[in-house]
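Beneath this line is the structure, given in structure tokens, with notes to follow.
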């Protein structure tokens, strides 16, 4: 079992972050926020996929003015992503928004930040203090020569202390870069010095394939070491893909379970069925199942018996047929043509139990 870092609680709307709460899954819309209908449609799809907090870009006044309607109709808490403009921040705070993200790399006027924090405190609005390698303060770039892990951690600690010095504690921190090792080190430095909750992720990770791998490595290592209270996988892809990858990472570390986990062998010369096709069909059909189930689909008997004992249900394939098993007990033999349908029917019954 992973021993998670002890952190203080932060609330974004009704969602608790830190203090032992389950790791919260986040994403960000890719719509124009002032297009209220498109933004709400995407938020609803993401919420259905398992997103628990959503962030929206607020680059212009028209986006800030759209927030009230979005917040009112969103099924999950909404965070406004604010850069450069304190005025946009204040407009956003009037919308009833649940949280805002501030980047000290591009809003570093302490007077304005203090005013924003005071308004957040008055309205009970949470803040994410977001430090990013691509927008680090000039003084730290001059000190370290580049956005090193130490520079990122120093920025996060400096601004955290400033937030607390003006009496604001309802915030979490994110320290992100696209370099996995830099990201891990920066978050570890910060985590050792404070109990502030951390939002973790690899920013600008890239397209779905490469980005998922980078995210799994970077996020997975931090989570294994107990660091991270909320997480986003950032991909150049449909945001719904981000949600799938997040839950797969959390499931692999036994931190949260949602939906079906498929265990299948890599295939070899012993298999006598088209296992890749079987697995593909099963995976596609089970995307909508939310119940945590472990499904084993094995190509031969070598590991099938052992996996059957660990899985909720599965197939042990042989010569153009398979044994369907449930909780390690063989149920019946099915033909290659029937195996997918029989397995799916049994899983549907389990999902309804």
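Positions of Cβ are set from backbone N, Cα and C atoms, glycine also.
What Swiss-Prot annotates here:
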- 265, 268, 300, 307: [4Fe-4S] cluster binding site (BINDING)
Listed in sequence order, residues with CB under 8 A of residue 300 ([4Fe-4S] cluster binding site) and six or more positions away: 265, 268, 270, 271, 272, 316, 317, 318
Densest Cβ neighbourhood among 265, 268 (binding-site residues), 10 Å radius: 265
Reduced DSSP assignment, residue 268 ([4Fe-4S] cluster binding site): coil
Residue 307 ([4Fe-4S] cluster binding site), number of other Cβ atoms within 10 Å: 21
Residues within 8 Å of the 265, 268, 300, 307 Cβ centre (excluding the [4Fe-4S] cluster site residues themselves): 266, 267, 270, 271, 298, 299, 302, 303, 304
